[in-house]
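Swiss-Prot has this to say about the protein:
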SIGNAL    1-25  signal peptide
TOPO_DOM  26-946  topological domain 'Extracellular'
CARBOHYD  Asn116  N-linked glycosylation site
REPEAT    122-146  repeat 'LRR 1'
REPEAT    148-171  repeat 'LRR 2'
CARBOHYD  Asn154  N-linked glycosylation site
REPEAT    174-199  repeat 'LRR 3'
REPEAT    280-301  repeat 'LRR 7'
CARBOHYD  Asn287  N-linked glycosylation site
REPEAT    326-349  repeat 'LRR 9'
CARBOHYD  Asn489  N-linked glycosylation site
CARBOHYD  Asn522  N-linked glycosylation site
CARBOHYD  Asn554  N-linked glycosylation site
CARBOHYD  Asn561  N-linked glycosylation site
REPEAT    597-613  repeat 'LRR 20'
CARBOHYD  Asn602  N-linked glycosylation site
REPEAT    614-637  repeat 'LRR 21'
REPEAT    639-663  repeat 'LRR 22'
CARBOHYD  Asn649  N-linked glycosylation site
REPEAT    665-687  repeat 'LRR 23'
REPEAT    711-737  repeat 'LRR 25'
CARBOHYD  Asn762  N-linked glycosylation site
REPEAT    852-875  repeat 'LRR 29'
REPEAT    877-900  repeat 'LRR 30'
CARBOHYD  Asn882  N-linked glycosylation site
CARBOHYD  Asn902  N-linked glycosylation site
TRANSMEM  947-967  transmembrane segment
TOPO_DOM  968-994  topological domain 'Cytoplasmic'
Amino acid sequence: MTGLYSSMSFFLRTIVLLFSTSSFCNTFASLTQDSCHPDQRDALLEFKNEFKIWYPNGFLDIDGVLMDVTSYPKTKSWTKNSDCCYWDGITCDTKSGKVTGLDLSCSCLHGRLEPNSSLFRLQHLQSVNLAYNNFTNSPIPAEFSKFMRLERLNLSRSSFSGHISIKLLQLTNLVSLDLSSSFPYSPSSLSIEKPLFLHLLALNFMNLRELDMSSVDISSAIPIEFSYMWSLRSLTLKGCNLLGRFPNSVLLIPNLESISLDHNLNLEGSLPNFLRNNSLLKLSIYNTSFSGTIPNSISNLKHLTSLKLQQSAFSGRIPSSLRSLSHLSNLVLSENNFVGEIPSSVSNLKQLTLFDVSDNNLNGNFPSSLLNLNQLRYIDICSNHFTGFLPPTISQLSNLEFFSACDNSFTGSIPSSLFNISSLTTLGLSYNQLNDTTNIKNISLLHNLQRLLLDNNNFKASQVDLDVFLSLKRLVSLALSGIPLSTTNITSDSEFSSHLEYLELSGCNIIEFPEFIRNQRNLSSIDLSNNNIKGQVPNWLWRLPELSTVDLSNNSLIGFNGSLKALSGSKIVMLDLSSNAFQGPLFMPPRGIQYFLGSYNNFTGYIPPSICGLANPLILDLSNNNLHGLIPRCLEAQMSSLSVLNLRNNSLDGSLPNIFMNAKVLSSLDVSHNTLEGKLPASLAGCSALEILNVESNNINDTFPFWLNSLPKLQVLVLRSNNFRGTLHNVDGVWFGFPLLRITDVSHNDFVGTLPSDYFMNWTAISKSETELQYIGDPEDYGYYTSLVLMNKGVSMEMQRILTKYTVIDFAGNKIQGKIPESVGILKELHVLNLSSNAFTGHIPSSLANLTNLESLDISQNKIGGEIPPELGTLSSLEWINVSHNQLVGSIPQGTQFHRQNCSSYEGNPGIYGSSLKDVCGDIHAPRPPQAVLPHSSSSSSEEDELISWIAACLGFAPGMVFGLTMGYIMTSHKHEWFMDTFGRRKGRSTRTR
């Protein structure tokens, strides 16, 4: 028995020993095989030496937001005497020791990636990540196509440029491809061969799960073949300049979890009827031309966590079927055309943290359905039509950090419970009708508040002490414009927030410069406009180191305290001093200023040559001062950057200098109301961005500038009250009209000749309907608009902003002859037509009846005959008509707009009559009875008529003499008031101002 036990024991020990030996050998062999092959190591070391180490300042995403990316040089760990399989960013195959993975993302690499790079000797690579480096705009080498085992390729945000080689599409094993960058449409962006690349991509990459080509210039439509990429789980095509209509079927790919089509403004499409069991988690269609409604089938997206459809053209109501999206955390529908009320079913979205429906046409009261969503951190309902009161129970949203209800019609007071939400960092209630300041004193409870916007409401009942905001130590932005403020308790020693960057106190009844501002070292923008501040601008203002935007307009300031040396060396880029009482010579603004507005002051002297030292001015407005002398020729140096030059209403003389050769961005030039002479400079023909040209009320002596019709954006042309001469029709060449002109005022010059019947055929902008409310020269920054003075309805009218819908043709006060062109009838969007004080003949064209938007028609002081076309009686928009002093005959049209006019609108036309004229003008235009036709000859009739006239004159002499003596007595004995009360009619009088 003992022998058997010993034999068994020996047998077991032998087996254990053999197993242990085998395990050790396998482990040793494995360790040996993990070692990096020398050729792999050498290739990597050569690759390391191809680049310099570069430490980036950061990376921006496509929206310009700084990304949370940390970079460090991974290749620093690569040394010749170590195993490359253990280097940072390297993965090796456990059996062969070949390099299969290379992750050098965020590795501070700087230099060109050349086609002969040693990288391409690593033939066994399955994953390559070179994201967040700087390959200095080198093309993506086609040699990547040699990596036939490659499954993942990430070259994002690494400064590649040029055409993407179609050879990359040979990598048919790819499951993830990221070629994105942060700068769409830039010269250095990547691009593809259109349209072949996308077709082959869809056909070759059937296994692809993730595709990101953001900021790659695709500039074509997405082919229907993308719908067959059933393995896709993530598709990101931001900022690719996608065109055409996006295939709905792509949104229905069964396994698709995330799709983003943001920043493709020309991409059209609509949301499909979503199927059940859809896998979508994130749907982002932002800044596109997608339209249509949100379908009720949105409820089938049971797993959706983020829905972003902002800045597109979606419309209709927000569907109540959103209630089914129980996992939704982000809902962004801003900047669309949604209407109606927010559905109560929104209250079911218990996971919602972000809710943004700003810039739509929503209405109703504050959406109470939001008050039950206690996870909400962000609410933006700005720029809608909400009314009523803000809810008193808003404090239920205890996690709220951002709340903005700006630009609505909320009334009443700010709910006191709002000040219990201690997590609030942003509170925006500007541009409403809030009128009760009672609860504003509780604002001090919001210790975390960084942005407070209460401006432009109706807070006028009582003053608010500015010191209630002293406790808000984290404030960065404070806007209180329109709130009457008391600053008596605020001194330079008051401990206001030291973080303040933006301060808006316009229209706050402030009478002196707030002293606390002098300690705001981080302040970059200040608005003290529309107050009653008198005296001088304190010198300490210019010493604020970060100050860049200053608006002091519409006060009573007369000058500056102390030297302006600090101003000239400041960072200020926008300075608005308009509508004050500044006097003396014009000072030199900071060289880096971009917006300098000094209009409506008393600046005198010459425009100093030093103004030509400005680096890149965009807007220069010195209008309505007392400047004289010449316009400096050295301004030519500024024309490459100037967008607006306004020198209106000064005493400038000489000629308008020929300085516009490089004025490629000049959109508005106004030198009206000076004493300029000579001709218009020919260099204006190169101002391809010019929208407004106003040279009114000068002494310019020139012919009509036909060459201006080559300007592609010219919309306003005012040559009024100069010495222009010649014809308005280019008889010596082809006349193309002015396709974009909306306002043309060439009145009170010396234009002659006739206008052909097709004269207005190419005035396209006044022929087509304009539906969108826009302003000509609508600014992107600082709210600067060009104003204009025009004649309308017989009076001078100033427009502070020029609407694109407002259209004018004013040829009055010239010597134009012939017929009014029949083509005037195609100008269906024309609002004002003034052809008065010329020598037009012929008839009033019946085509005027097509001008259904016409408000003012003046053809007085001409030689026009015939009848007023009865069709004009249908022009319901016509408010003011003047056909006086012509040779018109017949009845006036039947229409209330003709019956409302003063008698002066018809005088000087003894041949016109009408039933309504008797009420307006008395018996002089009473309806004429039908005259019987006598059988004798016309000659005898004429002689008889002459005889009857003499008899009537004699018979009327005696009673007429009596009547005249009686009237003389009445008027000279101060009884004319009795006479007018008894027999006369008081009439309104149009006042002409200029």
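Quick reminder: no glycine exception, Cβ is built from N, Cα and C everywhere.
Location within the structure of each feature annotated in Swiss-Prot.
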| residue | record | contacts (Cβ under 8 Å, 6+ apart) |
| --- | --- | --- |
| Asn116 | N-linked glycosylation site | none |
| Asn154 | N-linked glycosylation site | Ser105, Val128, Asn129, Leu130, Ala131, Ser176, Leu177, Asp178 |
| Asn522 | N-linked glycosylation site | Ser498, His499, Leu500, Glu501, Glu546 |
| Asn554 | N-linked glycosylation site | Ser529, Asn530, Asn531, Ser578, Ser579, Asn580 |
| Asn561 | N-linked glycosylation site | Gln536, Val537, Pro538, Asn539 |
| Asn602 | N-linked glycosylation site | Ala581, Phe582, Gln583, Gly584, Asn625, Asn626 |
| Asn649 | N-linked glycosylation site | Ser623, Asn624, Asn625, Ser672, His673, Asn674 |
| Asn882 | N-linked glycosylation site | Gly794, Ser836, Leu857, Asp858, Ile859, Ser860, Gln901, Ser904, Ser905 |
Checklist entry - Helix, strand or coil at Asn554 (N-linked glycosylation site), per DSSP? => result coil
Next on the checklist: Restricting to CB pairs under 8 Å, which listed stretch, 122-146, 597-613, 665-687, 877-900, is in contact most with the repeat 'LRR 3' (174-199)?
Outcome noted: 122-146
Checklist entry - Using a Cβ-Cβ cut-off under 8 angstroms and a sequence gap of six or more, which residues of the chain neighbour Asn287 (N-linked glycosylation site)? => result Asp262, His263, Asn264, Leu265, Gln310, Gln311, Ser312
Item to check | Local confidence of the repeat 'LRR 1' (122-146) - pLDDT mean | outcome: 95
Checklist entry - Do you know offhand how many angstrom separate Asn762 (N-linked glycosylation site) and Asn902 (N-linked glycosylation site) by C-alpha? => result 35
Checklist entry - 10 Å Cβ neighbour count around Asn902 (N-linked glycosylation site)? => result 18
Next on the checklist: Under DSSP, is Asn649 (N-linked glycosylation site) part of a helix or a strand, or is it coil?
Outcome noted: coil
Checklist entry - Can you tell me how the residues of the repeat 'LRR 23' (665-687) break down into helix, strand and coil by DSSP? => result 5 helix, 5 strand, 13 coil
